Amino acid sequence: MNYLNLPKIDLHCHLDGSVRPQSVIDIALQQNITLPSNDLSEIQSLMVAPDTCLNLDEYLTRFELPLSVMQTAAGIERIAFEVFEDAAIENVKYLEVRFAPLLHLQSGLTLQQVIGSAVKGMKRAEAQHDIKGNFILSIIRNMPKDRVNEVIDAGASFINNGVVAFDLAGSELPGFCEGFIPHAKYAVEKGYRVTIHAGEQGVGQNVHDAIAMLGAERIGHGIGINAHKQAYELTKSESVALETCPTSNVQTKAVDSLSSHPFREFYKDGVLITINTDNRTVSNTTMTDEVRKVMQEFDLSREEYFEIYKVSVEHSFASDAVKQQLLALAE
């Protein structure tokens, strides 16, 4: 099977984890930023996580270098354009990219400028390539909560014009949802959809709480539900889709190996699952790689792939018109 030619949807992709290493060097030179090295292979080694990390926190260290060149409007716009371009080249037809605007304020940009620059880059890619997209605004859970509503307000003017959803990301501690109930409610009032990173590190209760307390329509990763009956049943009964990221889940030790990933069990039992990259650079992956790995490891047919593709379309935060275009590509 030609996996490259299959139409694909990626609903869980981090902007700062999907930066071209060469672009880090280029932007650093333009902006007089000192890097540890200007050697491409060395920069790449600092941006790509090991095949297996000690834990999620070690994996997250790979974001420091790209963030250093994502503090200006030009840098953010270029990197946004390039992630959509890279995805389009491998037949990703719709891409939702997430990033945390609060991490891009070190050189004086406003939150609105940060978000606007990313949207501008995406729209340039949409004009040049056969791809549609949207942004999801992430809040890093261990940062102070006093600016969360500022992010929501800054993104509100872009709702359904480049921005579609609110997310909580970063290190996962048990019981984090309770502290964000007012923020999720405020985001929904402002027109945001909701997807939450939960159950990535095995805490199934977090998935339950993200759905019950925060109104999550999708869950980032979510594999912790396999050991939490209530979360599993709620995920199914509420038709909440899981954004599974197989390569990343192995790297962060969320699962021991791809073969032990609960993907197939979820799929066979009617849990709504999707296939995603998480971080194209940090995980050294593409959607083509993810689809190939999943189809081969779990022996999925072409028909089964398109069933999963349709789940991705239906549970995307795309407009109805874009969804119709995407569904028409399913064979």
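Easy rule for this one: first residue shown is 1, then count along the chain.
Keep in mind that glycine also has a Cβ here, set from the backbone N, Cα and C atoms.
Keep in mind the model is a prediction, meaning the values are calculated, not measured.
Taking the Cβ of HIS197 (Zn(2+) binding site) as reference, residues of its chain lying under 8 Å away and at least six apart in sequence are, in sequence order, ASP167, LEU168, ALA169, GLY170, GLU172, ILE219, GLY220, HIS221. Annotation comment: Swiss-Prot describes HIS12, HIS14, HIS197, ASP278 as Zn(2+) binding site, evidence class sequence analysis.
Annotated substrate binding site per Swiss-Prot: HIS14, ASP16, GLY170, in sequence order. Secondary structure from DSSP puts GLY170 (substrate binding site) in coil.
The active site, proton donor annotation in Swiss-Prot covers GLU200, and the record cites sequence analysis as its basis. GLU200 (active site, proton donor) has a Cβ environment of 24 other Cβ atoms inside 10 Å.
Classification of HIS221 (site 'Important for catalytic activity') by DSSP places it within a strand. For HIS221, the entry in Swiss-Prot reads site 'Important for catalytic activity', with the evidence type sequence analysis.
Annotated pair GLU200 (active site, proton donor) and HIS14 (Zn(2+) binding site), C-alpha to C-alpha distance, rounded: 15 Å. All protein chains shown were included, and the count of other CB atoms within 10 Å of the CB of ASP16 (substrate binding site) stands at 27.
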